[in-house]
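Student: Below you'll find the structure I mean.
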Amino acid sequence: MGRRRALILQKRQVLVFFVLLGLSQASAESLRYSVAEETEIGSFVANLARDLGLGVAELSSREARVVSDDNKKHLFLNLLTGDMLLNERLDREELCGSTQPCVLPFQVVLENPLQFYRAELHVRDINDHSPTFLDKEITIKISESTTIGATFLIENAQDLDIGSNSLQDYSISPSSYFYVKIHDSGDGKIYPELVLDKALDHEEESELRLALTALDGGSPPRSGTTLIVIKVLDINDNAPEFAQSFYEVQVPEDMPIGSSITAISAKDLDMGIYGKISYSFLHASEDIRKTFEINPTSGEVNLRSLMDFEVIQSYSVNIQATDGGGLSAKCTLSVKVLDINDNAPEVIMSSVTKAIPENASETLVALFSVRDQDSGDNGRILCSIQDDLPFILKPSFKNFFTLLSEKALDRESRAEYNITITVSDMGTPRLTTQHTIRVQVSDINDNAPAFTQTSYTMFVYENNSPALHIGTISATDKDSGSNAHITYSLLPAQDPELALASLISINADNGQLFALRALDYEVLQAFEFHVGATDRGSPALSSQTLVRVVVLDDNDNAPFVLYPMQNASAPCTELLPRVAEPGYLVTKVVAVDRDSGQNAWLSFQLLKATEPGLFSVWAHNGEVRTTRLLSERDVPKHRLLLLVKDNGDPPRSASVTLHVLVVDGFSQPYLPLPEVAHVLTLYLVIALASVSSLFLLSVLLFVGVRLCRRARAASLGGCSVPEGHFPGHLVDVTGTGTLSQNYQYEVCFTGGTGTNEFKFLKPVICWGGTTQSTGLEPGW
């Protein structure tokens, strides 16, 4: 096997067809090193850092490595020291065979930037092989009539060593009949020839046994021995003769085993046994004997094993024809092996990057070499990858290629690439080899989190329980890993009066929003804030969205009666003329509800009355009207109990009590109550006294007041407005209830001779500091 590989390296010629655009990246000078074969593993060869003029740190940072042409790891580079060491025992005979010198080319590859240095390792031979004879016993038939000085060819010994360690001399055991003569063939090999020194006598000695020893030139020398058996024959005076001394045939390497290659023939003029010729190989190597066989009778040469052009391109076979008397002749058969395209191209990966960052351009993905063991067009190679990928192939040095990313990649568009390197030769038929590299695109933080909605609106009923989950904010990030891990946070509120931290909290991991305390619709109907989503990339990216929380009203406020006032010291009494027509408006109950919507829709209901059929209440506006004419039988004083109810679920209500006094007329009312009569009498006495004493002053004041009222009426469009407002707890702060904060009411009474006339309420509407009276009269 070692000799076959030697012939491979010596005779193979492989042509690779590609353009070497990267030769400029390789060093112009080659580094040469030498090491003896069979040197121990780990032995020092050279310091590459010193030889390349680089520091050890630079050698390590540029990821220096040694790449052999045969893709075997003969050498090992220690990046910590810059020393190049033997990675395996080297057998020169196995690596180079008989080729001298034995040179193992390799390259030193540096990255960032990519750079090549050519180098050679010379393997020196040591004397580790002894000469050997393929035949343990050699038989030679010699006629007794052979003249002194005749020479006889002997099979030579084989020595795998070269140079001074190779075969140098032959010797023979002491004999009075023969001595050894050494013949130099001119190709560096020596062959022994047995020379007859004394005439043979068959009758005296028919067989001789001699020991032939082969010596090499090593120190100490090694030797090999074989036995030569000489059979002395009777006289044979004609040797065989070949028709020609040189034969040449061409054989395709895929010829089947057992096929006939050619037939060799020789003639002998002798008769009988001396004219009978036998054919055999002469000086045949082990490879020849394994590959070919010859028919000893017919001289037909047949194929014994398959030939391989990539191993041996030609054979030179010496054929000997020997007659029955021992005379022989030789010829040479040259067998040329024809190459066929039986070897697919090979892809040899030197380095592969499994993951590259998505923002990097022209990143080294793989470094590889290609080769085809065939020759001619069968060995010319084309290398390519898919056209639709953002990667390019560049020839670098000799038969090396680099696979680079053509531009920056986007992991979010495509996270993985399967790059198929296709290598095909130019033979017929073409043979193709494919090698697939899977490249992962590693993520960088180039995408900010994106919310699923541009804004969120969440609804929560007031009076909620604390820590109530009111909704979830969700954002996604196209990145992966920590770059896609999102953290949610509340951003500072734009309204400085909004205490957002006391209202809302957010789960930083899943975006769930919680109301920290109970909300009150009457205080806060809605509020807005921003939520931020930040990833954990470096640098971190973020985005924000608007969240609007709408507080829904709950029916948590009962109606409040504004009129008649329920907290007065004396009950309010409404006056009803006895001559009032049916449908006469007695009074109107005014109520408000701080809630909103249907929770603030009020309805009025008469629960109880002194005369059930005399009065009715309009359910929607609270007007109390008569349902029929009054008769003399009707009592003069009536007490009405009204219920004011909202439309909430469940509904809330308030009750109000009305006192109605039936009078014959507003000028002469019937006042049965003694305290009322007393008050009226007191008012009358005071009025009479003041009229007489202050008449003139009253006239002046009257004129001034009339002028003042006329001026104010011109500016306000109504009667005077009392100062101040109703208390805040009586007002609907939302403006959506029965009465809003923008309403005031004017109540006017006229003084008389004991009869007070009620003037119905007038809502006074205020816009921007201006007060206007609606001037509502009875029946509004």
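Yeah, the Cβs are placed from backbone N, Cα and C, and that goes for glycine too.
In case it's useful when we look at the structure, here is the feature table from TrEMBL:
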| type | residues | note |
| --- | --- | --- |
| DOMAIN | 27-133 | domain 'Cadherin' |
| DOMAIN | 134-242 | domain 'Cadherin' |
| DOMAIN | 243-347 | domain 'Cadherin' |
| DOMAIN | 348-451 | domain 'Cadherin' |
| DOMAIN | 452-561 | domain 'Cadherin' |
| DOMAIN | 580-676 | domain 'Cadherin' |
| SIGNAL | 1-28 | signal peptide |
| TRANSMEM | 680-703 | transmembrane segment |
Student: Take a look at 27-133, 134-242, 580-676 and tell me which one has the most Cβ pairs under 8 Å to the domain 'Cadherin' (348-451).
Tutor: 27-133
Student: Within the domain 'Cadherin' (348-451), what mean pLDDT does the predicted structure show?
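Tutor: Over the domain 'Cadherin' (348-451), the predicted model scores a mean pLDDT of 89.
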Student: Tally the residues of the domain 'Cadherin' (243-347) by DSSP class, grouping H, G and I as helix, E and B as strand, and everything else as coil.
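Tutor: Computed counts for the domain 'Cadherin' (243-347) are 10 helix, 47 strand, 48 coil.
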